[in-house]
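Feature annotations, courtesy of Swiss-Prot:
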- Tyr168: active site, proton acceptor (ACT_SITE)
- 22-46: NADP(+) binding site (BINDING)
- Ser155: substrate binding site (BINDING)
Amino acid sequence: MAKRGESLRDKPKWSLEGMTALVTGGSKGLGKAVVEELAMLGARVHTCARDETQLQESLREWQAKGLQVTTSVCDVSSRDQREKLMETVSSLFQGKLSILVPNVGIGVLKPTTECTAEEFSFIIATNLESTFHFSQLAHPLLKASGSGNIVLMSSVAGVVNLGNTSIYGATKGAMNQLARNLACEWASDNIRANSVCPWFITTPSTKDFLGDKDVKEKVESVTPLRRVGEANEVSSLVAFLCLPAASYITGQTICVDGGFTINGFSLP
């Protein structure tokens, strides 16, 4: 009988050749960067998004680069659509999935006392419930691959307070704990799970927010590296965690934040 993780350790350390991946929300931003990073390392990737036009534009870009990427439309807040997506993935990859990256996430910036029940339910469903459900649905496929990887796209909001993000932060904190639980519960199935927590990253979703000079300067002032991150600085970590080189890393919460979460008080 093979030892746990043996099949992964026997593969080339810095290649994802022969592996398959599902990345949700891959038509733009961090998700798109993750799709490209995994595909450039040799993985066959399936991704989804709600906007079919944007998805097709991205697909044309990937095809022009010779990347092995397929797409489908899916609203991950819908349980039925999540189940349909996983049926598609199972069919595409012959019942085996090497990598799961639930990337879709939304939030609302307002005081806790002003948040509505509808906002709470939608954010929980989109961020946390979908991640939990995708993990459940993917488990048999990840197990069948012989060496499965789950990378949850969390946030520093799940590690420290960001202010006026109580619902969003709660979902991300729960995702970090979910990764730890899955890492322990599914270790015997040769499935690893980790969570990645970005700080402010230059993406279409942060463009307007960071376009405010005062906001950007404030963000940079509390970041030791004194700059906002780039999408490929997050996607490279996600890809690394999926590589055979990272076969002994599981259950970890890793911040990609230019030092923000460890920045204490400095005397003048």
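Backbone N, Cα and C atoms are what each Cβ position is placed from, and that goes for glycine too.
The Cβ of Ser155 (substrate binding site) lies under 8 Å from the Cβ of Gly105, Tyr168, Gly169, Lys172, Cys197, Pro198, each of which sits 6+ residues away along the same chain. Ser155 (substrate binding site) carries neither a helix nor a strand DSSP state and counts as coil. Its Cβ placed at the centre, the residue listed as 'active site, proton acceptor' has 22 other Cβ atoms within 10 Å. According to its DSSP assignment, Val34 (NADP(+) binding site) is helical. His46 (NADP(+) binding site) falls within a strand when secondary structure is assigned with DSSP.
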